[in-house]
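Feature annotations, reproduced from TrEMBL:
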TRANSMEM  34-55  transmembrane segment
TRANSMEM  95-115  transmembrane segment
TRANSMEM  127-146  transmembrane segment
TRANSMEM  226-249  transmembrane segment
TRANSMEM  282-304  transmembrane segment
TRANSMEM  316-337  transmembrane segment
TRANSMEM  343-362  transmembrane segment
TRANSMEM  369-391  transmembrane segment
TRANSMEM  411-438  transmembrane segment
TRANSMEM  450-474  transmembrane segment
Amino acid sequence: MDNLHPPVFSPPWFSQGSGGIPLARKLCYAVGGVPYQITAISIGISLQIFLLDVVQMQASYVSMILFVSRAWDAVTDPLVGYLVSRSKRTPIGKLTPWLLLSTPLGVLSYLLLWFEPQGLMSEPLSVLWFLTAACLFETLMSCYNVPYLSLNMFLGGDQRDRDSATAYRMSVEMVAMLLASVIQGQVVAVYNTEKQEACQQLGQAHDTSQSTSPPQTASLQETQKAFLTSSLVMGALFFLCSLVLFLGVKEQQAPLCSDDKVRPPYLTSLKMLICHIPYQRLVLGFVFSALAMQMSWSNFVLFCSHAAGLGAQFQYLLLALLGSACIAVPLWQAVLLRIGKKATVIIGLSLFIPAVIIVACVPSNLPVFMTMCILMGFSIATVFLLPWSMLPDVVDDFAMKHPSCKDLEPLFFSCYAFCNKLAGGLSVGISAMILQFAGYRAGACHHADGVVMALIVLFSPVPIALLLMGLVFFCTYPINERQLQEQLTTVQFQVSE
């Protein structure tokens with residue numbers, strides 16, 4: 001008899017009734033976000049330094065590796081999202097098998113990314129090695145991260161429960177980022193110490209020999225060991241957190257009426273997503289904001305070392321930035337419940353602009369820099385929390401307007417994740433290319449004024465311009481979550497009847 005009625009909107013989380021999401025499930029789900037964040041932080045902070053100064057690869061090759069590996073996500077993220085949506089349900093769920101299979105392979109590929117077969121490869125083969133390792137890692141992380149993000153829609157509960165689960169996830173991820181930053185900060189400290197000692201030795205040798213040969217570069221063997229050790233620690237955390245996710249989160253069943261719905265072809269699904277106005281505005285606002293933040297973030301170490309002269313204090317600046325971001329996540333969650341998500345994201349992102357302007361004007365003043373890092377941390381917390389909290393609202397809105405479609409949640413989240421990774425790839429790729437043009441020399445002890453100016457521009461003016469563009473799109477975001485919740489409640493009542 002059900003087939004006589006037209007399909008109605010019934011998202012999978014409605015099947016849980018009014019029980020909500022248990023706290024233990026929220027916490028275990030939040031822990032599952034740690035692997036992506038700790039590896040992303042490590043790559044964002046250290047990979048550029050590792051390739052430039054440890055491997056001593058040309059900046060143009062580094063730019064190519066960083067950009068191509070992220071551009072590869074342009075293919076893998078949406079495709080993985082579509083493959084996940086086409087997957088058949090197993091006894092442990094539809095998304096969980098992807099998490100289980102990708103975890104061990106993801107850990108292995110991450111370790112390969114920091115291993116250099118020294119003395120065994122020419123420079124072209126070394127470039128191919130790291131390019132292959134980076135693309136393999138990005139592919140496997142897509143196979144992990146896309147199902148994980150989509151799991152938010154299958155935890156149970158209602159909109160407020162899912163917003164709460166997202167806040168828990170962001171809080172745990174910020175703590176994970178802080179932990180990863182402490183670990184990478186120690187690696188960078190080893191790098192700065194060994195680089196300074198090696199440069200002093202090279203300078204003494206140069207003065208003794210009165211050589212007129214081109215400037216030498218420092219060999220950083222201890223730094224290479226530190227990078228490999230940190231990758232082992234990150235790999236162990238990756239595996240343990242994935243285990244907690246698997247044991248602590250049970251994927252909820254699909255709605256009973258899903259058989260009445262259709263699963264559009266891939267290109268049709270993609271076109272429907274792109275044409276959905278709220279999704280357009282949210283994705284564009286997120287891309288430009290994430291690109292702005294990651295442009296500053298990817299140059300943070302080099303800016304501290306070469307422009308601000310505060311390389312020895314880098315780990316303290318990083319702790320101030322991420323520590324304030326950890327504190328800010330629950331505060332922004334409380335604010336958005338009062339004034340709404342759209343207003344909160346606009347206010348939070350706006351804090352970033354005066355902070356980077358002041359840092360660019362007085363980069364060598366440690367107390368001012370640290371104070372501005374705290375302000376930047378509050379702003380960065382909004383780009384971590386708010387867009388991901390707004391995305392389920394867009395999925396709800398799309399499902400109400402297209403009630404005959406099903407299983408498109410992974411595609412929504414995969415395209416969104418792709419935009420985030422693409423922003424990261426563009427930021428490091430563009431940065432490495434500009435530094436190459438400015439005269440950055442891999443392994444060099446000192447750099448010209450043009451390199452310092454390029455770092456200042458990449459850290460402040462460029463991110464400000466990108467962030468202003470992102471704020472324009474967020475201002476035109478059309479969804480009011482309170483009105484949406486009322487509409488969802490009405491539809492739920494109709495379904496119950």
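Note that the numbers count up from 1, one per residue, in the order the chain is shown.
Glycine is treated like the rest: Cβ placed from N, Cα and C.
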Considering only Cβ pairs under 8 Å, which range in 34-55, 95-115, 226-249, 343-362, 411-438 makes the most contacts with the transmembrane segment (127-146)?
95-115
Sequence-distant residues near the transmembrane segment (343-362) by C-beta distance (under 8 Å, 6 or more away from its ends) are 285, 289, 292-293, 296, 308, 332, 335-336, 368-369, 372-373, 375-376, 378-383, 386-387, 390, 456, 459-461, 463-464, 467-468, 470-471, 474-475
Run the contact check on the transmembrane segment (282-304) against the transmembrane segment (95-115): 3 or more C-beta pairs under 8 Å, excluding pairs closer than 6 in sequence.
no
Thinking of Cβ pairs under 8 Å, which stretch from 34-55, 226-249, 411-438 has the most of them with the transmembrane segment (95-115)?
226-249
With the cut-off at Cβ under 8 Å and a gap of six or more residues from its ends, the chain residues touching the transmembrane segment (226-249) are 24-25, 27-29, 31-32, 34-35, 38-39, 42, 46, 50, 54, 96, 99-100, 103-104, 106-107, 110-111, 113-115, 144, 148, 151, 155, 176, 180, 183-184, 186-187, 190-191
Beyond the flanks of the transmembrane segment (316-337) by at least 6 residues, Cβ under 8 Å:
45, 163, 167, 170-171, 174-175, 177-178, 181-182, 185, 300, 304, 310, 344, 347-348, 369-370, 373-378, 380-382, 384-386, 389
